[in-house]
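Features reported for this protein in Swiss-Prot:
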- 54-89: domain 'EF-hand 1' (DOMAIN)
- Asp67, Asp69, Asn71, Ser73, Glu78: Ca(2+) 1 binding site (BINDING)
- 90-125: domain 'EF-hand 2' (DOMAIN)
- 145-180: domain 'EF-hand 3' (DOMAIN)
- Asp158, Asn160, Asp162, Tyr164, Glu169: Ca(2+) 2 binding site (BINDING)
- Asp194, Asp196, Asn198, Met200, Glu205: Ca(2+) 3 binding site (BINDING)
Amino acid sequence: MGGAVTKSETLQKEWVPETKLEAKIIEAVQRRASRGTTMKSFNSIVLKFPKIDDGLRNCKAIFQEFDEDSNGSIDHTELKNCIRKLEISFDEEEINDLFKACDINEDMGITFTEFIVLLCLVYLLKDDSSTLQKKWTMGMPKLEPTFETLVDTFVFLDENKDGYVSREEMVRAIDESGERSSGRIAMKRFEEMDWDKNGMVNFKEFLFAFTQWVGIDENEEEEEEDNNEKA
């Protein structure tokens, strides 16, 4: 029984989370995966891009609330205050890991795009999302369906429910769309997600790529240029 095991599949089985936070994220994704996914195809995901883009922009008010000095980024102290206000039970190590994980450009500050990723990770890790809804009166009811769509999308791509998306899983998901040159498209999308180039995509990497796919980065740059011209 059983066919040949590919190098990528072997890598998946042996993959070990680097931090306690990453282990928690994988466990949370796997719990969510046990409920299944509503996504039917990669095309159905693409059709949701405009709605997801609109939903993620509701994070702006929350970002501004926790950016206490209004300098355009959330520093480590502001993040600790944010976690405390949201009554999330993260210890010091997990807060440090969360900050380090989301500060992708390593400038010691969480930008708006990075904050979107952070909020979605917190949403995933929070057992009782209704608590978040009560705490985040500024836009959270609108954010919850958007975050759930992002989690649902990752669950759809992660066929074997191990908490990671492999290159083969991405290729199969896009191949099913029936598009011409789907293999090339799948490889490009996977490379955009695989930030550390280790051949596996975790939920955090997926989120960063997704913000780019829906155009968050581009619009943020346009806003910054407009603000600079007005200054």
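Positions of Cβ are set from backbone N, Cα and C atoms, glycine also.
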Among the binding-site residues listed as Asn71, Asn198, Met200, the Cα nearest the Cα of Asn160 (Ca(2+) 2 binding site) belongs to Met200
Out of Glu78, Asp158, Asp194, Glu205, which has the highest number of nearby Cβ atoms, where nearby means within 10 Å of its Cβ, if these are the binding-site residues? Asp158
Quick check: of the binding-site residues listed here (Asp162, Glu169, Glu205), which one has the Cα closest to that of Ser73 (Ca(2+) 1 binding site)? Glu205
Given the binding-site residues Asn71, Glu78, Tyr164, Glu169, which one's Cα is the least distant from that of Asn198 (Ca(2+) 3 binding site)? Tyr164
Tyr164 (Ca(2+) 2 binding site): tally of other CB atoms within 10 A of its CB: 24
Would you mind reading off the Cα separation of Asp67 (Ca(2+) 1 binding site) from Asp162 (Ca(2+) 2 binding site), to the nearest angstrom? 35
Within 8 Å of the Cβ centre of Asp67, Asp69, Asn71, Ser73, Glu78, which other residues of the chain have their Cβ, at the recorded Ca(2+) 1 site? Phe66, Glu68, Ser70, Gly72, Ile74, Asp75, Gly109
With DSSP as the yardstick, break the domain 'EF-hand 2' (90-125) down into helix, strand and coil residue counts. 25 helix, 1 strand, 10 coil
What counts of helix, strand and coil residues does DSSP assign across the domain 'EF-hand 3' (145-180)? 22 helix, 2 strand, 12 coil
List, in sequence order, the residues of the same chain other than Asp194, Asp196, Asn198, Met200, Glu205 whose Cβ lies within 8 Å of the centroid of the Cβ atoms of the recorded Ca(2+) 3 site. Met193, Trp195, Lys197, Gly199, Val201, Asn202
Taking every residue in the domain 'EF-hand 1' (54-89), the average pLDDT works out to 88
Between Tyr164 (Ca(2+) 2 binding site) and Glu78 (Ca(2+) 1 binding site): CA-CA distance (Å): 30
Cα distance (Å, whole number) from Asp69 (Ca(2+) 1 binding site) to Asp162 (Ca(2+) 2 binding site): 40
